[in-house]
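Heads up, the thing below is written out as structure tokens.
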Amino acid sequence: MFKPSVLLLTVAAITTSVNAAEEVNVYSYRAPFLIQPMFDQFTQETGVKVNVVYADKGLLERLQNEGQNSPADLIMTVDIGVVHDVKTRGLSQPVTSELLEQNIPQHFQDPDNHWFALTSRARLIYASKDRVQQGEITSYEQLADPKWQGRICTRSGKHNYNLGLIGSMISHHGEAEAEQWLTGIKANLARRPEGNDRAQIRAIAEGQCDLAIGNSYYFFKMLNNQENPEEIEWAKQVTPIAPNQQDRGTHMNISGISLAKYAPHKDNAIKLMEFLSQDEAQHMYADLNQEFPVKAGVQRSELLQSYLGDFKQDELPLVKIAETREAASKLVDKVGFDN
């Protein structure tokens with residue numbers, strides 16, 4: 001049974017405001033401070049109040065339990081696997097919007113219009129500034145080279161971020177080659193997979209490994225972490241590398257949004273989706289999270305731009321990665337990656 005204690009209502013109690021005309025109700029896996037500024041701007045421009053329910057887990061189960069009585073209009077999630085799961089569980093409905101089609105690249109949206117990306121993040125290779133020469137590694141494939149034996153750190157292969165990367169390798173190379181690649185990386189690990197992406201950067205700084213795999217925004221948030229200055233020092237000791245610039249580009253993942261199946265304020269919900277796809281909100285949202293806007297031409301964070309420039313991004317439709325998630329998970333088990 002869903003436990004309401006995990007929920008934080010950031011604006012008003014949704015259950016008492018469903019019948020109000022000018023509002024929209026958002027169920028979000030993203031913390032309020034990362035999204036509230038855009039919602040405040042939307043309310044200022046439109047007069048539509050945004051009510052937010054936040055939880056770090058259990059929202060999709062809550063939606064299923066609520067069924068047709070759910071007050072949710074929009075569902076905000078992170079990672080293509082979770083975004084796609086909203087659709088496969090039957091919790092969303094398609095959206096018809098010329099503006100969304102125009103603003104969101106095709107590879108960053110569901111073919112049936114059940115979800116749209118709002119920001120993207122890159123799965124980078126982090127390298128020790130002292131122990132890895134510039135240009136010594138330039139692709140994901142090279143992580144399996146025996147020269148890196150005992151020199152790589154990563155989090156669990158079962159984590160969504162790594163499953164997305166493994167799924168992209170399956171999509172590009174097929175399962176057999178992806179298995180060889182993952183087996184090669186396992187042989188090169190300096191330790192069993194553990195910790196989060198920040199922990200991998202710390203491991204490089206402390207000399208436990210020379211290379212790691214991690215999402216882009218963790219590195220940039222660490223560089224700005226005035227509350228924990230030790231993270232700044234760890235981040236300064238690594239170089240972020242956007243892999244595969246000579247071929248398909250760097251693997252990207254997303255944060256996304258879906259229109260709830262039984263949205264009681266459908267028109268306002270679509271208005272908010274469209275607002276979040278436009279230049280000002282795209283820049284604000286991406287900048288707050290140290291992520292990348294998905295709309296072409298929107299200015300990126302100066303910090304991100306200074307490190308990565310206009311790097312080439314893999315444009316493989318993310319739905320293909322979502323569809324390989326189960327195969328990726330089985331591959332992690334097959335090679336004993338986390339053992």
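Backbone N, Cα and C atoms are what each Cβ position is placed from, and that goes for glycine too.
Record features (TrEMBL):
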- Y217, Y218: Fe cation binding site (BINDING)
- 1-20: signal peptide (SIGNAL)
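In this structure, the binding-site residues Y217, Y218 were compared by how many other Cβ atoms lie within 10 Å of their Cβ, and the smallest count belongs to Y217.
DSSP assigns Y218 (Fe cation binding site) to a helix.
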